[in-house]
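Database features (TrEMBL):
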TRANSMEM  A:32-53  transmembrane segment
TRANSMEM  A:99-121  transmembrane segment
TRANSMEM  A:141-161  transmembrane segment
TRANSMEM  A:182-203  transmembrane segment
TRANSMEM  A:215-234  transmembrane segment
TRANSMEM  A:263-286  transmembrane segment
TRANSMEM  A:306-327  transmembrane segment
TRANSMEM  A:339-362  transmembrane segment
TRANSMEM  A:374-396  transmembrane segment
Amino acid sequence: MGALALAATVATETPAVPGIAADFSNDNIWVYLVKAVLIIVFLLTSVLMALWFERRLVARMQVRIGPNVHGPLGLLQAVADAMKLLMKEDITVKMADKVVYILAPMISVFSSLLIYAVIPFGPEVRIPFTDFTTPAQLTDFPVAVLYILACAALGVYGIVLGGWSSGSTYPLLGGVRSTAQIISYELAMGLSLVSVFLLAGSMSTSEIVNQQERFWYALPLLPAFILYVISMIGETNRLPFDLPEAEGELVSGYMTEYSSMKFAWFFLAEYINMLNVSAVATTLFFGGWRAPWPLSAINDGMFNQGWWPILWFLAKVWFFMFIFVWVRGTLLRFRYDQFMKLGWKILIPVALTWLVIVAIYQGVVEFGEIDRQFFIYASLALFVIAILGLVVSSFATKAEPEVAKKTEAEPFDAFAGGFPVPPLPGQQLPPSPRAARRAAAAATAATAVLEVEAEPDTTTKTEGTSGD
Amino acid sequence: MMTSTGEAVLFWVLAPAMVLGALGLVFARKAVYAALSMIFVMVCLAMVYVMQQAEFLGIVQVVVYTGAVMMLFVFVLMLVGVDASTSAVETIKGQRWIGILMGVGLGTLLVTVTARAALPETVGLDEANSETNPAGLARVLMSDFVLDLEIVATLLVTAALAALVLTHRRRLTPKIGQPERAAARMLAGDHPVNLPAPGVYARHNAMDVPALDPEGNPIEASVSRVLRIRGQEHSLDTDVTTLVATRDAAELTGDHGTDTAAERGGQNDDTDAATTEGEA
């Protein structure tokens with residue numbers, strides 16, 4: 001705590017609130033209002049941008065072109081989509097519970113808009129042509145990251161209540177899945193964030209960014225970072241975790257009975273949530289607005305001052321948005337039991353173990369006499385031994401069934417049980433009767449091609465000679 | 001200690017709303033409405049806490065109670081049933097009277113304890129929050145109240161363990177997973193893969209029109225069983241079947257050896273014929 005208080009006083013001469021690096025003492029109500037409006041404008045335009053970005057990028061990954069008709073490079077496609085949604089008929093289904101049905105998308109959007117309030121876009125900036133300086137952040141307080149978790153938790157009620165109030169089966173299933181998902185994945189997310197709190201000695205976002213001056217927390221807290229990235233994708237219902245809206249199983253899950261503007265709100269909330277968790281990952285693990293290493297050393301930290309940091313912040317946020325799209329373009333949806341197993345049996349135990357390790361390290365550094373280097377090397381050695389043990393044990397368990405299978409390899413029966421079946425491991429496919437025919441066909445085709453190729457050669461030669 | 005104007009305004013806005021929410025919790029017919037009122041009261045309460053500079057308490061209340069505990073309640077409500085409303089039937093005899101008695105007892109206990117408690121001299125919020133609110137709270141919890149905290153933690157862990165042990169059942173039959181189910185389906189002689197999806201691509205892409213097999217015959221099983229039982233299945237339109245029939249006929253009569261060439265030739269012939277006709 002002493003170190004924390006010291007860091008806070010070093011960072012700013014006059015901290016308005018203890019434990020916060022950013023100094024909001026200049027701000028009055030109008031400054032807050034302008035910042036809030038700017039954040040909303042930023043979020044709404046970013047969502048339009050994200051729609052285009054995602055569609056173009058997924059198209060590129062799938063060797064397509066993507067939207068390229070409306071506007072330069074198809075940039076206005078998202079505007080067209082939004083207009084289409086607004087113009088559609090707003091249907092309220094007969095079985096719906098009207099009040100909750102209308103309330104649910106509002107809760108979603110409202111909660112998603114709250115999170116950027118505590119995200120630092122940059123350090124103190126001076127408004128051009130004036131002497132007025134203010135932090136590039138709406139507000140901050142000593143429990144800012146917990147506030148983010150609270151807003152995220154409230155946002156899920158939009159999904160759950162939307163699923164319930166539609167009075168229909170698929171949305172209800174989507175809502176139930178969403179509750180289960182949030183209960184299991186928010187735990188892992190919270191635990192991964194706690195190691196950041198321990199290392200930074202603070203829960204205020206500006207202070208956490210301040211503490212990452214020497215190195216970004218993604219490096220020393222790599223396991224926590226990986227846990228956060230996994231659970232942040234789960235938190236936003238994106239592809240490998242999109243079980244609440246799995247279109248193959250639940251039509252659109254909780255959004256099935258929504259149309260027009262109310263659907264657009266859910267849609268908006270989902271994309272704002274993507275931006276939110278990306279910004280949190282940036283702030284907590286990627287150094288926030290700090291310039292990446294070689295740039296940060298240029299000209300005595302020139303790129304870490306003034307308006308430059310906003311650029312780095314946005315670049316990092318969009319890097320995480322890229323990861324979202326990349327994962328969506330790569331992975332398939334989990335089966336529900338695999339998904340639950342991952343959450344409860346892998347993520348949470350790993351997060352707890354990691355938390356204990358970080359807590360012990362922090363305790364040793366603060367109160368103990370043991371050398372920090374020694375501790376790090378010892379834990380690394382233990383980690384390597386544990387990994388080796390895991391690998392060896394997994395090999396040992398795997399080897400047995402393989403041997404067993406090889407001994408009981410039977411001759412391949414293509415119609416075992418009355419249905420055409422593929423060969424099991426250790427069984428051989430009989431030679432295909434079609435293979436001989438195919439080889440013969442290929443041989444004739446090759447000779448034909450050779451003959452055809454031979455002809456143009458002679459013609460070009462003759463042309464060349466005639467030209468001479 | 002005087003309250004500022006902002007604090008007073010916020011209180012007089014939040015307090016009536018919270019009372020309404022609390023009344024809603026008691027009198028709501030549907031269980032989900034009761035849960036919603038509860039969530040509303042919790043969020044308003046968190047705002048009051050933050051307003052009184054107890055940020056940690058306010059935010060943690062939303063994270064833990066609204067975000068996790070109430071979410072569990074809602075989860076159970078949804079599993080119980082969408083339209084489940086509270087019934088006034090007593091399942092245990094005299095349940096209501098015992099409940100009222102215990103409620104009154106707890107109330108008196110709490111009131112007397114609070115009234116008789118000897119509170120130390122208040123130091124003021126600036127003093128208490130001098131090291132930030134969470135740090136100050138942590139110092140008090142981990143020094144003055146560490147024993148109480150440990151006892152509560154032990155109690156909670158015991159309760160969680162008890163819940164696990166009491167609901168645990170030993171597996172008596174082998175686990176039936178996806179591979180086992182698939183094998184059983186095969187042996188029972190079911191359809192080996194998914195049933196074909198309904199609809200004829202680009203012509204009748206609807207749920208109530210059966211798909212066509214390679215010979216052009218409708219596959220009854222492709223339409224949902226529910227629709228078939230209700231009698232809402234559409235038979236194939238005549239134009240679809242005739243189209244298929246003519247295509248089949250053309251394929252049967254057409255020269256199979258040089259398909260494309262024949263087609264192109266045929267088309268050329270057709271256009272030639274059309275032009276000659278036009279000229280004539």
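Every residue gets a Cβ built from N, Cα and C, even glycine.
All annotation found in TrEMBL is predicted automatically rather than curated by experts.
Panel annotation: around the transmembrane segment (A:306-327), residues 50, 53-54, 57-58, 61, 120-123, 125-126, 136, 229, 233, 236, 238-240, 274-275, 277-279, 281-282, 286-292, 295 of the same chain, lying at least six beyond its termini, place a Cβ under 8 Å from a Cβ of the stretch. Pairs of Cβ atoms less than 8 Å apart link the transmembrane segment (A:141-161) most often to A:99-121, out of A:32-53, A:99-121, A:215-234.
Nonlocal intrachain contacts for the transmembrane segment (A:339-362), taken as residues 6+ away from its ends with a CB within less than 8 angstroms of a stretch CB, comprise 180-181, 184-185, 187-188, 191-192, 194-195, 198-199, 221, 223-224, 227, 230-231, 234, 241, 243, 375-376, 379. Residues 181, 185-186, 188-189, 191-193, 195-196, 199-200, 208, 240-241, 277-278, 280-281, 284-287, 290, 323-324, 327, 343, 347, 350-351, 354, 358 of the same chain, all 6+ positions outside the transmembrane segment (A:215-234), place their C-beta atoms under 8 angstroms from a C-beta of that stretch.
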